[in-house]
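Novice: My structure is below; once you've seen it, I'll send some questions.
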Amino acid sequence: MSVLQVLHIPDERLRKVAKPVEEVNAEIQRIVDDMFETMYAEEGIGLAATQVDIHQRIIVIDVSENRDERLVLINPELLEKSGETGIEEGCLSIPEQRALVPRAEKVKIRALDRNGNPFELEADGLLAICIQHEMDHLVGKLFIDYLSPLKQQRIRQKVEKLDRLNARA
């Protein structure tokens, strides 16, 4: 397993729409393992393949405190959503920035697991929010897209400054 490089805004590769996975095979399972390794190394709770420049419909999530409840979503589809909620969201592709984003309180999805088996999942709370956030990535959407143009610009400037400082270090 290896840690992959996470793309940061304003990288346009984050805006690419991911393609469906045609076959869950050893290569896809390796990508899933690398994505978990990357997510844990970056201290995230979710990661979409597009964030690591792999433009396939793959998401990994672990919202558990002990980091031992791995969820793999391959080719996820939103079946239902209900209610309204929102929390301050962050994103590994938008480091050190957070903003309140409106989300559905509950979701029902269909996806394939890491072995290619189909399943359905009903989620609420943080898991539902994380699923929606990561599914947005698969269609090239970021949490800042829900914000005003002024807030988007401020966040972009902060991230670009942070990346410049990190490049010098």
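Cβ from N, Cα, C; glycine included.
Checked Swiss-Prot, it gives:
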ACT_SITE  Glu134  active site
BINDING   Cys91, His133, His137  Fe cation binding site
Novice: Would you mind reading off the Cα separation of Glu134 (active site) from Cys91 (Fe cation binding site), to the nearest angstrom?
Specialist: 9
Novice: Around His133 (Fe cation binding site), how many other C-beta atoms are within 10 angstroms of its C-beta?
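Specialist: A count of 22.
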Novice: Whose Cβ lies within 8 Å of the mean position of the Cβ atoms of Cys91, His133, His137, the Fe cation site, other than those residues?
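Specialist: Those within range, site residues removed, are Gly46, Ala48, Gln51, Glu89, Leu92, Ser93, Glu134, Asp136, Leu142, Phe143.
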Novice: Counting every protein chain present, what is the number of Cβ atoms, excluding its own, within 10 Å of the Cβ of His137 (Fe cation binding site)?
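Specialist: Its Cβ shell of radius 10 Å holds 25 other Cβ atoms.
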Novice: Report the same-chain neighbours of Cys91 (Fe cation binding site): residues 6+ apart in sequence with Cβ closer than 8 Å to its Cβ, ordered by sequence.
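Specialist: When sequence neighbours closer than 6 are ignored, Cys91 (Fe cation binding site) has Gln97, His133, Leu142, Phe143 within Cβ distance under 8 Å.
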Novice: Including all protein chains displayed, how many Cβ atoms other than that of Glu134 (active site) lie within 10 Å of its Cβ?
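Specialist: For Glu134 (active site), the 10 Å Cβ neighbour count is 25.
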